[in-house]
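Undergrad: Quick one: the structure is below, and I'll ask about it shortly.
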Amino acid sequence: MPELPEVETVRRGLEPALVGARFASVEQRRPDLRFPFPERFVARLEGARVEALSRRAKYLVADLSTGESLIMHLGMTGRFTVALPERTIVPGEFHHDPGTMPIHDHVVFKLDTGTRITYNDVRRFGYMDLVASAELASCKHFAALGIEPLGNALSGETLARLFVHKIAPLKAALLDQRLIAGLGNIYVCEALHRAGLHPEAPAGSIATKTGRPRPSAHRLAEEIRAVLNEAVAAGGSTLRDFAHADGSLGYFQHGFRAYDREGEPCRNAGCGGTIARIVQSGRSTFYCADCQTR
DNA sequence: CTTACACCCTGCTCGC
DNA sequence: TGCGAGCAGGGTGTAA
(Lines of atoms letter the chains of each structure in order from A and count residues from 1; the text may use other names and numbers.)
(Lines give C-alpha, C1' and ligand atoms only; values in the text may rest on other atoms or scores of the structure.)
Protein backbone atom coordinates (compact mmCIF):
# COMPACT_ATOMS: atom_id res chain seq x y z
CA MET A 1 0.00 0.00 0.00
CA PRO A 2 2.26 2.76 1.10
CA GLU A 3 4.71 4.44 -1.19
CA LEU A 4 6.21 7.82 -0.46
CA PRO A 5 3.00 9.88 -0.80
CA GLU A 6 1.03 7.54 1.45
CA VAL A 7 3.77 7.52 4.08
CA GLU A 8 3.94 11.31 3.96
CA THR A 9 0.18 11.44 4.39
CA VAL A 10 0.40 9.17 7.41
CA ARG A 11 3.18 11.36 8.81
CA ARG A 12 1.04 14.46 8.50
CA GLY A 13 -1.87 12.68 10.11
CA LEU A 14 0.15 11.45 13.07
CA GLU A 15 2.22 14.58 13.65
CA PRO A 16 -0.34 16.70 15.53
CA ALA A 17 -1.20 13.85 17.89
CA LEU A 18 2.30 12.54 18.42
CA VAL A 19 4.77 15.41 18.50
CA GLY A 20 5.10 16.91 21.97
CA ALA A 21 3.34 13.97 23.58
CA ARG A 22 4.88 11.35 25.83
CA PHE A 23 4.39 7.59 25.61
CA ALA A 24 2.46 6.84 28.79
CA SER A 25 2.33 3.14 27.97
CA VAL A 26 3.04 0.95 24.99
CA GLU A 27 1.46 -2.40 24.32
CA GLN A 28 3.46 -4.74 22.08
CA ARG A 29 1.20 -7.67 21.27
CA ARG A 30 3.60 -10.00 19.48
CA PRO A 31 7.36 -10.57 19.44
CA ASP A 32 7.85 -9.64 15.81
CA LEU A 33 6.43 -8.16 12.66
CA ARG A 34 8.64 -8.68 9.63
CA PHE A 35 11.57 -8.67 12.05
CA PRO A 36 11.72 -9.08 15.82
CA PHE A 37 11.06 -5.88 17.76
CA PRO A 38 14.29 -4.47 19.23
CA GLU A 39 15.38 -5.47 22.72
CA ARG A 40 13.34 -3.85 25.52
CA PHE A 41 11.18 -2.09 22.90
CA VAL A 42 8.41 -1.11 25.32
CA ALA A 43 10.75 -0.05 28.12
CA ARG A 44 12.80 2.16 25.80
CA LEU A 45 9.63 3.93 24.60
CA GLU A 46 7.67 4.39 27.80
CA GLY A 47 8.26 7.80 29.32
CA ALA A 48 9.92 9.16 26.17
CA ARG A 49 8.59 12.33 24.59
CA VAL A 50 8.32 12.62 20.81
CA GLU A 51 10.33 15.63 19.65
CA ALA A 52 9.68 15.35 15.92
CA LEU A 53 8.13 13.09 13.32
CA SER A 54 9.82 12.98 9.93
CA ARG A 55 9.93 10.78 6.86
CA ARG A 56 12.84 9.27 4.97
CA ALA A 57 11.81 7.45 1.79
CA LYS A 58 9.02 5.10 2.95
CA TYR A 59 10.08 5.21 6.61
CA LEU A 60 8.58 7.22 9.45
CA VAL A 61 11.05 8.48 12.04
CA ALA A 62 10.01 9.66 15.50
CA ASP A 63 12.84 11.42 17.34
CA LEU A 64 12.56 10.81 21.06
CA SER A 65 13.71 12.73 24.15
CA THR A 66 15.85 9.71 25.06
CA GLY A 67 18.26 10.29 22.19
CA GLU A 68 16.84 7.40 20.24
CA SER A 69 14.62 7.45 17.17
CA LEU A 70 11.74 5.11 16.49
CA ILE A 71 11.88 3.91 12.88
CA MET A 72 8.66 2.57 11.41
CA HIS A 73 8.09 0.93 8.05
CA LEU A 74 4.55 0.11 6.98
CA GLY A 75 5.39 -2.73 4.61
CA MET A 76 2.42 -3.48 2.39
CA THR A 77 -0.50 -3.29 4.78
CA GLY A 78 0.62 -1.24 7.78
CA ARG A 79 -1.85 1.38 9.06
CA PHE A 80 -2.19 3.67 12.00
CA THR A 81 -5.42 4.60 13.69
CA VAL A 82 -5.62 7.64 15.93
CA ALA A 83 -8.22 7.70 18.69
CA LEU A 84 -8.36 11.20 20.14
CA PRO A 85 -9.18 11.59 23.83
CA GLU A 86 -12.20 13.82 23.31
CA ARG A 87 -13.79 11.03 21.37
CA THR A 88 -15.11 8.59 23.92
CA ILE A 89 -14.14 5.07 23.01
CA VAL A 90 -16.80 2.60 23.99
CA PRO A 91 -15.48 -0.94 24.26
CA GLY A 92 -16.68 -2.91 21.29
CA GLU A 93 -17.26 0.24 19.29
CA PHE A 94 -13.71 0.83 18.20
CA HIS A 95 -13.59 1.79 14.57
CA HIS A 96 -11.25 0.10 12.14
CA ASP A 97 -10.46 0.62 8.52
CA PRO A 98 -12.51 -1.52 6.21
CA GLY A 99 -10.67 -4.77 5.82
CA THR A 100 -8.66 -4.52 9.01
CA MET A 101 -9.37 -6.58 12.07
CA PRO A 102 -8.46 -6.02 15.72
CA ILE A 103 -6.57 -9.32 15.58
CA HIS A 104 -3.98 -7.49 13.46
CA ASP A 105 -3.53 -4.61 15.92
CA HIS A 106 0.09 -5.31 16.84
CA VAL A 107 1.18 -2.20 18.75
CA VAL A 108 -0.87 0.27 20.78
CA PHE A 109 0.76 3.53 21.83
CA LYS A 110 -1.03 5.29 24.68
CA LEU A 111 0.03 8.91 24.99
CA ASP A 112 -0.02 11.13 28.07
CA THR A 113 -2.51 13.33 26.20
CA GLY A 114 -5.04 10.52 26.25
CA THR A 115 -4.69 9.85 22.56
CA ARG A 116 -4.26 6.24 21.53
CA ILE A 117 -2.39 5.32 18.35
CA THR A 118 -2.78 1.77 17.06
CA TYR A 119 -0.58 0.05 14.49
CA ASN A 120 -2.42 -2.55 12.42
CA ASP A 121 -0.67 -4.71 9.84
CA VAL A 122 -2.42 -7.69 8.23
CA ARG A 123 0.54 -9.12 6.37
CA ARG A 124 3.18 -8.03 8.91
CA PHE A 125 5.66 -6.89 6.28
CA GLY A 126 6.14 -3.71 8.28
CA TYR A 127 8.59 -3.34 11.14
CA MET A 128 9.81 -1.03 13.88
CA ASP A 129 13.27 -0.40 15.24
CA LEU A 130 15.02 1.90 17.69
CA VAL A 131 18.35 3.48 16.80
CA ALA A 132 20.45 6.30 18.25
CA SER A 133 19.24 9.53 16.66
CA ALA A 134 22.80 10.64 16.00
CA GLU A 135 23.41 7.52 13.94
CA LEU A 136 20.23 7.54 11.88
CA ALA A 137 21.92 8.27 8.57
CA SER A 138 24.37 5.41 8.98
CA CYS A 139 21.98 2.88 10.51
CA LYS A 140 21.34 -0.34 8.61
CA HIS A 141 17.97 0.82 7.34
CA PHE A 142 19.14 4.12 5.91
CA ALA A 143 22.81 3.71 5.01
CA ALA A 144 22.18 2.40 1.49
CA LEU A 145 19.14 4.52 0.65
CA GLY A 146 19.25 6.63 -2.49
CA ILE A 147 18.10 10.19 -3.05
CA GLU A 148 14.78 11.63 -1.87
CA PRO A 149 12.65 12.07 -4.98
CA LEU A 150 10.99 15.21 -3.61
CA GLY A 151 14.28 16.75 -2.52
CA ASN A 152 16.62 19.02 -4.44
CA ALA A 153 18.76 16.09 -5.56
CA LEU A 154 16.26 14.82 -8.10
CA SER A 155 17.01 16.21 -11.55
CA GLY A 156 17.67 15.03 -15.07
CA GLU A 157 21.38 15.34 -14.37
CA THR A 158 21.14 13.14 -11.28
CA LEU A 159 19.02 10.50 -12.98
CA ALA A 160 21.44 10.36 -15.89
CA ARG A 161 24.37 9.92 -13.53
CA LEU A 162 22.57 7.21 -11.54
CA PHE A 163 21.38 5.26 -14.58
CA VAL A 164 24.28 5.64 -17.03
CA HIS A 165 25.52 2.29 -18.39
CA LYS A 166 22.70 0.42 -16.66
CA ILE A 167 21.13 -2.20 -18.89
CA ALA A 168 18.43 -3.05 -16.34
CA PRO A 169 15.01 -1.80 -17.44
CA LEU A 170 13.87 1.67 -16.36
CA LYS A 171 11.15 0.05 -14.24
CA ALA A 172 13.69 -1.88 -12.17
CA ALA A 173 16.08 1.05 -11.81
CA LEU A 174 13.31 3.34 -10.55
CA LEU A 175 12.21 0.72 -8.02
CA ASP A 176 15.76 0.31 -6.69
CA GLN A 177 15.71 2.07 -3.33
CA ARG A 178 19.53 2.37 -3.39
CA LEU A 179 19.23 4.79 -6.31
CA ILE A 180 15.98 6.65 -5.60
CA ALA A 181 14.24 5.94 -2.30
CA GLY A 182 10.48 6.19 -2.01
CA LEU A 183 9.02 5.12 -5.33
CA GLY A 184 7.04 1.90 -5.50
CA ASN A 185 5.24 -0.05 -8.17
CA ILE A 186 2.37 2.39 -8.63
CA TYR A 187 4.28 5.64 -8.93
CA VAL A 188 6.99 4.11 -11.12
CA CYS A 189 4.28 3.03 -13.56
CA GLU A 190 2.66 6.46 -13.37
CA ALA A 191 5.89 8.42 -13.80
CA LEU A 192 7.00 6.37 -16.81
CA HIS A 193 3.59 6.73 -18.41
CA ARG A 194 3.53 10.48 -17.89
CA ALA A 195 7.08 10.79 -19.20
CA GLY A 196 6.27 8.71 -22.30
CA LEU A 197 9.04 6.22 -21.55
CA HIS A 198 8.83 2.47 -22.06
CA PRO A 199 9.25 0.49 -18.83
CA GLU A 200 11.46 -2.07 -20.58
CA ALA A 201 13.84 0.51 -22.03
CA PRO A 202 17.36 0.20 -20.61
CA ALA A 203 17.80 2.62 -17.73
CA GLY A 204 21.01 3.86 -19.32
CA SER A 205 19.09 5.05 -22.37
CA ILE A 206 18.17 8.31 -20.64
CA ALA A 207 21.87 9.23 -20.46
CA THR A 208 24.59 9.80 -23.01
CA LYS A 209 27.72 7.65 -22.94
CA THR A 210 29.36 10.21 -20.69
CA GLY A 211 26.45 10.32 -18.25
CA ARG A 212 24.90 13.56 -19.46
CA PRO A 213 21.10 13.74 -19.42
CA ARG A 214 19.13 13.23 -22.59
CA PRO A 215 15.80 15.11 -22.81
CA SER A 216 14.04 12.00 -21.50
CA ALA A 217 16.01 12.25 -18.24
CA HIS A 218 14.69 15.75 -17.57
CA ARG A 219 11.20 14.68 -18.51
CA LEU A 220 11.36 11.70 -16.17
CA ALA A 221 12.62 13.76 -13.25
CA GLU A 222 9.86 16.30 -13.77
CA GLU A 223 7.13 13.68 -13.96
CA ILE A 224 8.36 11.82 -10.88
CA ARG A 225 8.21 15.05 -8.92
CA ALA A 226 4.84 16.00 -10.37
CA VAL A 227 3.09 12.70 -9.72
CA LEU A 228 4.40 12.50 -6.16
CA ASN A 229 3.41 16.08 -5.39
CA GLU A 230 -0.08 15.49 -6.77
CA ALA A 231 -0.43 12.32 -4.74
CA VAL A 232 0.72 14.02 -1.55
CA ALA A 233 -1.83 16.77 -2.20
CA ALA A 234 -4.55 14.18 -2.78
CA GLY A 235 -3.54 12.45 0.44
CA GLY A 236 -3.85 15.70 2.30
CA SER A 237 -7.41 16.14 1.19
CA THR A 238 -8.18 12.55 2.06
CA LEU A 239 -6.70 13.16 5.47
CA ARG A 240 -9.07 16.04 6.10
CA ASP A 241 -12.01 13.86 5.14
CA PHE A 242 -10.97 10.89 7.21
CA ALA A 243 -9.44 12.48 10.26
CA HIS A 244 -12.80 13.66 11.50
CA ALA A 245 -14.60 10.49 10.56
CA ASP A 246 -12.84 7.67 12.35
CA GLY A 247 -9.18 8.59 12.60
CA SER A 248 -8.14 6.11 9.94
CA LEU A 249 -4.84 6.82 8.27
CA GLY A 250 -2.85 5.18 5.58
CA TYR A 251 -5.15 4.41 2.70
CA PHE A 252 -6.43 6.59 -0.04
CA GLN A 253 -7.38 6.18 -3.68
CA HIS A 254 -5.71 8.31 -6.27
CA GLY A 255 -6.77 8.72 -9.87
CA PHE A 256 -4.15 6.68 -11.71
CA ARG A 257 -3.53 7.04 -15.44
CA ALA A 258 -1.87 3.66 -16.01
CA TYR A 259 -1.71 1.60 -12.83
CA ASP A 260 -4.32 -1.17 -12.63
CA ARG A 261 -5.99 0.02 -15.84
CA GLU A 262 -5.22 -2.96 -18.11
CA GLY A 263 -7.42 -2.88 -21.23
CA GLU A 264 -8.64 0.65 -20.56
CA PRO A 265 -7.92 3.61 -22.84
CA CYS A 266 -4.72 5.57 -22.41
CA ARG A 267 -5.40 8.92 -20.78
CA ASN A 268 -2.58 10.83 -22.43
CA ALA A 269 -3.90 13.61 -24.66
CA GLY A 270 -4.16 12.57 -28.30
CA CYS A 271 -3.26 8.93 -27.67
CA GLY A 272 -5.79 6.31 -28.72
CA GLY A 273 -3.83 3.46 -27.17
CA THR A 274 -4.80 0.88 -24.59
CA ILE A 275 -3.07 0.22 -21.30
CA ALA A 276 -1.26 -3.13 -21.28
CA ARG A 277 -0.01 -5.22 -18.38
CA ILE A 278 3.29 -7.08 -18.35
CA VAL A 279 5.32 -8.63 -15.54
CA GLN A 280 8.78 -7.29 -14.73
CA SER A 281 10.83 -8.85 -11.96
CA GLY A 282 7.71 -10.47 -10.60
CA ARG A 283 5.58 -7.33 -10.40
CA SER A 284 2.89 -5.96 -12.68
CA THR A 285 3.80 -3.11 -14.97
CA PHE A 286 1.06 -1.09 -16.65
CA TYR A 287 1.94 1.01 -19.68
CA CYS A 288 0.74 2.26 -23.04
CA ALA A 289 2.62 0.71 -25.96
CA ASP A 290 1.46 3.55 -28.24
CA CYS A 291 2.87 6.54 -26.38
CA GLN A 292 5.57 5.05 -24.17
CA THR A 293 8.59 4.62 -26.42
CA ARG A 294 11.95 2.97 -25.91
C1' DC B 1 29.40 -6.16 -9.27
C1' DT B 2 24.83 -7.22 -11.45
C1' DT B 3 20.05 -9.52 -12.09
C1' DA B 4 16.41 -13.04 -11.08
C1' DC B 5 13.73 -15.38 -8.11
C1' DA B 6 11.83 -17.39 -3.93
C1' DC B 7 10.16 -15.96 0.19
C1' DC B 8 7.94 -13.57 4.20
C1' DC B 9 2.20 -13.27 5.53
C1' DT B 10 -2.82 -12.83 5.09
C1' DG B 11 -6.88 -11.83 2.55
C1' DC B 12 -9.46 -10.97 -1.51
C1' DT B 13 -11.12 -11.97 -6.20
C1' DC B 14 -11.83 -14.69 -10.02
C1' DG B 15 -12.75 -18.75 -12.70
C1' DC B 16 -14.25 -23.36 -12.72
C1' DT C 1 -21.63 -22.56 -2.87
C1' DG C 2 -17.00 -24.25 -2.57
C1' DC C 3 -12.23 -24.29 -3.68
C1' DG C 4 -7.85 -23.56 -5.54
C1' DA C 5 -5.00 -20.33 -8.20
C1' DG C 6 -3.35 -16.02 -8.64
C1' DC C 7 -2.61 -11.58 -7.08
C1' DA C 8 -1.61 -7.52 -3.89
C1' DG C 9 1.21 -0.77 -3.49
C1' DG C 10 6.89 -3.73 0.84
C1' DG C 11 11.84 -5.49 1.19
C1' DT C 12 15.47 -9.38 1.99
C1' DG C 13 18.33 -13.26 1.14
C1' DT C 14 20.29 -16.36 -1.94
C1' DA C 15 22.07 -18.02 -6.12
C1' DA C 16 23.68 -17.60 -10.68
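Cβ from N, Cα, C; glycine included.
Note: TrEMBL annotation is automatic and uncurated.
From TrEMBL, here are the annotated features:
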ACT_SITE  A:PRO2  active site, schiff-base intermediate with DNA
DOMAIN    A:2-126  domain 'Formamidopyrimidine-DNA glycosylase catalytic'
ACT_SITE  A:GLU3  active site, proton donor
ACT_SITE  A:LYS58  active site, proton donor
BINDING   A:HIS104, A:ARG123, A:LYS166  DNA binding site
DOMAIN    A:257-293  domain 'FPG-type'
ACT_SITE  A:ARG283  active site, proton donor
Undergrad: Would you mind sorting out which of A:LYS58, A:HIS104, A:LYS166, A:ARG283 (the recorded positions) have a C-alpha within 10 A of the one on the residue listed as 'active site, schiff-base intermediate with DNA'?
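TA: If one measures from the Cα of the residue listed as 'active site, schiff-base intermediate with DNA', the recorded positions that come within 10 Å are A:LYS58.
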Undergrad: So for A:ARG123 (DNA binding site), how many other CB atoms are inside 10 Å of its CB?
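TA: I get 13 for this one.
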Undergrad: Counting only residues 6+ away in sequence within the same chain, which have a CB under 8 Å from the CB of A:GLU3 (active site, proton donor)?
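TA: Listed in sequence order, they are A:LYS58, A:GLY182, A:LEU183, A:GLY184, A:ASN185, A:ILE186, A:TYR187.
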Undergrad: Please compare the recorded positions A:LYS58, A:HIS104, A:LYS166, A:ARG283 by how many other CB atoms fall within 10 Å of each one's CB, and tell me which has the fewest.
TA: A:ARG283
Undergrad: If you draw a 10 Å sphere around the Cβ of A:PRO2 (active site, schiff-base intermediate with DNA), how many other Cβ atoms fall inside it, taking every protein chain shown into account?
TA: 22
Undergrad: For the domain 'Formamidopyrimidine-DNA glycosylase catalytic' (A:2-126), DSSP counts of helix, strand and coil?
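TA: Result for the domain 'Formamidopyrimidine-DNA glycosylase catalytic' (A:2-126), in helix, strand, coil order: 23 helix, 48 strand, 54 coil.
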Undergrad: List the Cα distance (Å, whole number) between A:ARG283 (active site, proton donor) and A:LYS166 (DNA binding site).
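TA: Here the two Cα atoms are 20 Å apart.
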Undergrad: I'm checking region-level scores; what's the whole-number mean pLDDT for the domain 'Formamidopyrimidine-DNA glycosylase catalytic' (A:2-126)?
TA: 89
